[in-house]
């Protein structure tokens, strides 16, 4: 009888422990099930997704401009030294910076997978919409703004026109990623804009500057100069990027290319940008100091351009029933500009100390902070409108 009573006693003492353990396990499982409900990434700051260079790019650009102006004003031999040696009409230091900034970002485009995207019928609708916005609406809108804000400043107008013609093939990949856009479609649009830029930028630049804008002092703008600049400063880095991507992925493998090579090469795009801006402002430091009003006047139409083009594209894509990811991709592609190419053409055609180059150089100072702000705006709109993909 003693043993019979001992067994139930052990069972009785074990039962509460098991019950308590099961209760704790259930509580843990419930807590684990609740955790994924948090919409974490949507609330993460866009700045936290960037490296130190990207996060404070507007600050670095401003510092590069200030340092360049100081060098140009207080070190007299800076300007002449930077103009020694020419490459396609551009000083060698500036040419190096332009090529360096273009190459890394073009290496990120997944050229090997573009054929898969072209097999989907919807991509042709996206490409058609993008071409209309990027190559018809946006350039003419910038032309209208340049005349509205700068009717008495022909040289600054031309610089703005060049900015409007340069469709973005670089930083748009960053903005699209931060906003949660479709990176595959963005790669397609970047590739299309790269090809169209090789074909259309030169004739459109001549058409907008010589035919539409008219006459004074524009007799020296030729198709050959513009097309050569586009071919060199877009064609060389694009060709090098395509060759590097296919060759290195084949030799070292995709994992090494994405994890090692791109990680090493990516920062050089922003380094090249900052270096180019510093050299440009050092070359025309006196002009910047004496034309601060011109800088402000150029900034005003640029601000209007970025906000209106982005907002209008986002609204139209929403009304057309596009998903959030595609709409964000189209909007950032439309609002972003290839200021690197605009700077290259302005410098090659009119010179580094020209007002045209000054206007083109102001572009990234305005574009970067505005588009970072628009990343927040489009995320807010997506949540506000419950915009699904």
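Sequential numbering from 1, following the chain as shown.
Every residue, even glycine, has its Cβ placed from backbone N, Cα and C.
Among the features that TrEMBL reports, compositional bias 'Polar residues' is placed at 12-23.
Look at TrEMBL and you will find 24-41 tagged as compositional bias 'Basic and acidic residues'.
Look at TrEMBL and you will find 1-41 tagged as region 'Disordered'.
The feature transmembrane segment is assigned by TrEMBL to 56-75 (among others).
For 87-106 (among others), the entry in TrEMBL reads transmembrane segment.
Residues or ranges marked as transmembrane segment in TrEMBL: 127-150 (among others).
For 156-178 (among others), the entry in TrEMBL reads transmembrane segment.
Within the chain carrying the transmembrane segment (185-209), a Cβ under 8 angstroms from the stretch's Cβ atoms is held by residues 106, 109-111, 113-114, 117-118, 123, 126-127, 130-131, 134-135, 139, 143, 158, 161-162, 165-169, 172-173, 176, 218, 221-223, 226-227, 230-231, 234-235, 238, 325-326, 329-330, 332-333, 338, 341, 345, all 6 or more beyond its ends. Feature annotation from TrEMBL assigns transmembrane segment to 185-209 (among others).
Among the features that TrEMBL reports, transmembrane segment is placed at 221-248 (among others).
The transmembrane segment feature in TrEMBL is assigned to 260-282 (among others).
Per TrEMBL, the feature transmembrane segment maps to 302-320 (among others).
Sequence annotations record features per position, and here TrEMBL assigns transmembrane segment to 358-378 (among others). Beyond the transmembrane segment (358-378), the same-chain residues lying 6 or more positions past its ends with a Cβ under 8 Å from any Cβ of the stretch are 46-47, 57-58, 61-62, 65, 155-160, 162-163, 171, 175, 178-179, 273, 277, 280-281, 284, 287-288, 291, 294-295, 298-299, 302-303, 306-307, 310, 314, 328, 331-332, 335-337, 339, 342-343, 345-347.
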Query raised in the report: With pairs 6 or more apart in sequence, are the transmembrane segment (127-150) and the transmembrane segment (221-248) linked by at least 3 Cβ pairs under 8 Å?
Result: no
Report task. Return the stretch with the most CB pairs under 8 A relative to the transmembrane segment (156-178), choosing among 56-75, 87-106, 221-248, 260-282, 302-320. Result -> 87-106
